[in-house]
Amino acid sequence: MKKIQIALDGPAGAGKSTIAKQLASHLDYVYIDTGAMYRAVTLAALEQGLDLENGPVLGELMKSLDIRLTPGEQGQRVFIGEREVTDAIRTNEVTNNVSFVARQAEVRSALVIAQRKLAERGGIVMDGRDIGTVVLPEAELKVFLTASVEERASRRHRENIARGMDSDLKGLQDEIALRDKRDSERTVSPLKQADDAIYLDTTELNIDQVVARLTELAEGALK
């Protein structure tokens, strides 16, 4: 059976990763978390004390980074070389700085090449900010997932608590609103809905409902 490329885009906290994982599992597809790749670069840059808004410097860093995504029992595992950074890339420090790194053309161009290679055989669900517009513009199914700032902050708050991290709901709302502004206004690959993407607001929907809707859309795209 033909396997397609599915592109899920949307702002921070829209539930893309959780939904993409379950959708991929349901369809027996491979899930590719592009956000984790940008987070890995951000972690490496922070650890080396680099200027997060210096594109050429980050471009040089990219040449030395071996970022790998592998499946694991609890979900996707992320490595830089042989070091696992699955949890390290989810800290508040990385979260608050990843948008600075992601706007650098040198970083995006390198990661886009890697992401396209991962997707070339189809049978993938890829989520991010510019998958349908830049990375996989020919994807057979494109969906733009979103939710209210309040709901997205609440989801992130619950995730942080579950990970045993300190979390401030009001602070998260402010951070997400600022992240939206940065992502939508950046010069390189801004966050926006692809012209042929389906808009899906998940504020009032649970995960199972969203996955069911996306499964229907995927089955329709296969016909």
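From the backbone N, Cα and C atoms, a Cβ is placed for every residue, glycine too.
Pulled from Swiss-Prot, these are the features on record:
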- Gly10, Pro11, Ala12, Gly13, Ala14, Gly15, Lys16, Ser17, Thr18: ATP binding site (BINDING)
### Message
Taking DSSP as the reference, which of helix, strand or coil describes Thr18 (ATP binding site)?
### Response
helix
### Query
Taking the Cβ of Lys16 (ATP binding site) as centre, how many other Cβ atoms lie within 10 Å?
27
### Task
Identify all same-chain residues not among Gly10, Pro11, Ala12, Gly13, Ala14, Gly15, Lys16, Ser17, Thr18 whose C-beta atom falls within 8 angstroms of the centroid of the ATP site's C-beta atoms; report them in sequence order.
Ile19, Asp127, Leu145, Ala147, Arg152, Arg155
## Note on the structure
Within 10 A of the CB of Thr18 (ATP binding site), the number of other CB atoms across every chain shown is 16
### Task
Check each residue in the chain of Ala12 (ATP binding site) that is at least six apart in sequence and keep those whose C-beta is under 8 Å from its C-beta; list them in sequence order.
Arg152, Arg156, Ile176, Arg179, Asp180, Asp183
### Query
For Ala14 (ATP binding site), which residues of its chain lie six or more apart in sequence with Cβ-Cβ distance below 8 Å?
Leu145, Thr146, Ala147, Arg152, Thr202
